[in-house]
Amino acid sequence: MAEKYILALDQGTTSSRAIIFNQAGETVCMVNQEFPQLYPEPGWVEHDPVDIIESQISVAKKAIEIASINPDQIAAIGVTNQRETTIVWDKNTSKPVYNAIVWQCRRTASMCDQFKKLGYEDTIRKKTGLVLDAYFSATKLKWILDNVEGARQKAERGELLFGTVDSWLIWNLTGGKIHATDYSNASRTMLFNIHSLNWDEELLELFNIPEQMLPDVLPSSTVYGYTHKEIFGVEIPICGNAGDQQAALFGQICCEPGMVKNTYGTGCFILMNTGNKIVDSKHGLLTTIGWVLNDKSMCYALEGSVFSAGATVQWLRDGLKIVEKASDTEYLAKSVKDSAGVYFVPAFVGLGAPYWDMYARGTIIGITRGCTREHIVRAALESIAYQTRDVVEVMSEESGIKLHCLRVDGGASANDFLMQFQADILGVPVERPTVSETTALGAAYLAGLAVGYWKDHSEIKKQWRLDRRFEPQMDPETREELYKKWKNAVTRSLGWVEK
């Protein structure tokens, strides 16, 4: 009998990817295709939903072809996606009524301010675990219904459907048969009650959203449906589904309460598994659903985001032009023994958790005549580690769980200097796995578990392989002195822009 594989569809903000995994959890083949970003007005970000589905199907077919396997050798498909991005389409024609409004889009910021003035911030946080912000789906969906001609009337007649990107993919892959999402994606809409695990009637009324347009909410690991035969020539079960950061948490096998992963991308996404316990954050962390397995076992998570990580390195390269490529930062940082007292607070667009100061701005402080580009580069990399500690400290305090180890992935996790400094400033080991595609791997694991491709958690747990473990080498006194100065530098950047 021919060997079977799992196909993960990883639909991101700038590209669609398809990755095929074997039973050992190893990458057999990966295909990536970028698609256009649309900026119709300042602060607005959109995608064409047709680009999303076409690019995703294209890379899936190419991956099967490059791997030299037959479509019937795919045991299951797992889906993972950019979260919060909002799509509304016609139930009968499957045509979108408007472009996808992307998670980064700020067009509904003033709408959020109005709801804050009306005093709904606390209600929304208690029900959804989220802060009232344009980042999430609710106000994006309301904007489409309020601004696209005829949309609200059609929605009230039951003719329109809403979904995050996973729902749009599943709808199209199943030929319009399945309109569903999973608990992790639902928890990012600002319409889902994370306590009752249902769409919240009070919030639907508040945002004026007809309930009939919302998808069914299913476990992250269960059979959703089957691909339409015309796509791959055979029907393949779609069995795994989770938002990208939750999928990465699962792919890192952070399955025990207290386990934490950090994805170092443009920003950082730090998630802590809190088990079946909902931790109500008082310091601006998000409480979110990690995943729900088919046996209804539940994982909640705390999430903190750092706005500028890889973006800081990009600025060194493209703005200051003091490095030619991002990878140069490692040897430049290592070429000096410390940052010579220089601190870099990369508040280009304000600061995220736990400060939540949109009026903060970037600062490089502690400069003397002896300061060189190497010191500035080193301070920039160190800032990523300091910001991660800021989030992790709040997570530990609010969850009551002490961090014992940090698992890492994403582009900047390849930087050995940064990973060593991260271990030093946290005072705990940092573990980097051999498989860097942890988001796709998480979706693959969720799909494979649903069809028995992998037996259970313990089987996939054994597959997590260490590339390198960075042990802390800094003495506690130095660590705390450096961190104290970082906090001092941050206070200088807060509230810089006058309101």
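Using the three backbone atoms N, Cα and C, a Cβ is placed for every residue, glycine included.
Lifted from Swiss-Prot, the feature list:
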type	residues	note
BINDING	T13, R17, T266, G310, G411, N415	ADP binding site
BINDING	T13, T14, S15, T266, G310, Q314, G411	ATP binding site
BINDING	T13, R83, E84, Y135, D244	sn-glycerol 3-phosphate binding site
BINDING	R83, E84, Y135, D244, Q245	glycerol binding site
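The least crowded of the binding-site residues R17, R83, judged by other CB atoms within 10 A of its own CB, is R17. With respect to their backbone Cα atoms, Q314 (ATP binding site) and N415 (ADP binding site) stand 14 Å from each other. Site extent for ATP: the farthest pair of Cα atoms among T13, T14, S15, T266, G310, Q314, G411 sits 19 Å apart. Long-range Cβ proximity for T266 (ADP binding site), meaning a same-chain Cβ under 8 A and a gap of 6 or more residues, is found for S308, A309, G310, A311, Q314. The glycerol site is set by R83, E84, Y135, D244, Q245; from the centre of their CB atoms, other residues of the chain with a CB within 8 Å are Q82, T85, W103, R188, G243. Of all the binding-site residues given, namely T14, R17, R83, E84, Y135, those whose Cα is no farther than the 10 Å limit from the Cα of Q245 (glycerol binding site) are R83. The record assigns R83, E84, Y135, D244, Q245 to the glycerol site; their largest pairwise CA distance measures 15 Å. Checking the binding-site residues (T13, T14, S15, R17, G411, N415) against E84 (sn-glycerol 3-phosphate binding site) with a 10 Å Cα-Cα cut-off leaves nothing. Cβ crowding, taken as the number of other Cβ atoms within 10 Å, peaks at Q245 among the binding-site residues T13, T14, S15, Q245, Q314.
For N415 (ADP binding site), the count of additional Cβ atoms within 10 Å of its Cβ stands at 21 [all protein chains shown].
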